């Protein structure tokens, strides 16, 4: 088996688990957050910087790499690891989320999805077999089955047809997988926000016996309470001895709540996306350092943080860089945000090892939500936007 997950300890107060993911490129402690390198690069950072942050596994995007530079070229270069000079593990998604986000540019059939490239408008067809062939060529350690990701809100009948198609596609992905001894193929469970469909999808996908399972179709606009409810329905139905991966989720509070409900792996572009607008994570919420209040603030982004940005620069300096459109400002905010999430997972793992995760979760969420509420109140009083990350970006090219 290309990847094996090892259970180390169960949390006595929740569904959380402490574990290890054994991969061809080393052991990864779980729960883990995976930085996203959509185009075979984590935006604004080089691989050594990502490694130094403590990341040991990153995600790359099949859809984007298929369109540019092409999976054949990546394979010719020796695979993703050599192409991007990354010594850790890599997970590739199947491209399903991106293709299904192209609502006006794609057509779904039982065979697969025809879509037009967001780059040049060229027409392409992605089937389960094609997606797996692309992922086999890219050479990641963990690859994801091709699934249909439904939007929110979603009609019940459509969601039901979708999970049944996803199950059929998952079986085709498994049959097409040409490198099972080198790459672990994870199945993906869906079901929108319908509890019975979440149960049905889990039953159908688990029956195919994958070495790990992605949980898809959440964090697509639904209220957080609904996401938590769906996790509580679906996660217990996934095999206890396999890793569980909540796809596209990466806000600090969602990581804590996901771990509480038994999730082992997470990914999201959020830390680098908001960094490009000067928004950073701190223990009491999100803070936008490009705001005028930080013009003469000579403290680090977060006192006590061990990241390169906080060890060397002040909020005032980083604000200056952002206002001057200097790339270093974006890099420093990205470094801090990624280190914040990697360290958060380190703290969660330490709390799980000590049997104190319930106390850690309570303290973290109380401080986080209190800080967020205070910033919203200050923003309302000032008639401003608070810590809003800036103008909305299109879903592509960077998506989740």
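Using the three backbone atoms N, Cα and C, a Cβ is placed for every residue, glycine included.
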Per Swiss-Prot record, range annotated region 'RNA binding' [choices 234-240, 241-247, 248-254]: 248-254
Residues flagged as region 'RNA binding' in Swiss-Prot, choosing from 257-261, 262-266, 267-271, 272-276: 272-276
Stretch carrying region 'Disordered' according to Swiss-Prot (options 349-374, 375-400): 375-400
Candidate sharing the substrate site with 93, 94, 95, 96, 97, 147, 217 (per Swiss-Prot), from 75, 114, 190, 200: 190
Further binder of Zn(2+) named by Swiss-Prot next to 305, 307, 310, taken from the candidates 277, 336: 336
Shell list (substrate; ref centroid = CB of 93, 94, 95, 96, 97, 147, 190, 217; cutoff 8 A): 100, 144, 145, 146, 148, 149, 188, 214, 216, 247
Mean per-residue pLDDT computed across the region 'RNA binding' (248-254): 98
Residues close to Zn(2+) site centre defined by 305, 307, 310, 336, Cβ within 8 Å: 300, 301, 302, 306, 308, 309, 311, 335, 339, 340
Rounded inter-Cα distance in Å - residue 94 (substrate binding site), residue 267 (active site, nucleophile): 14
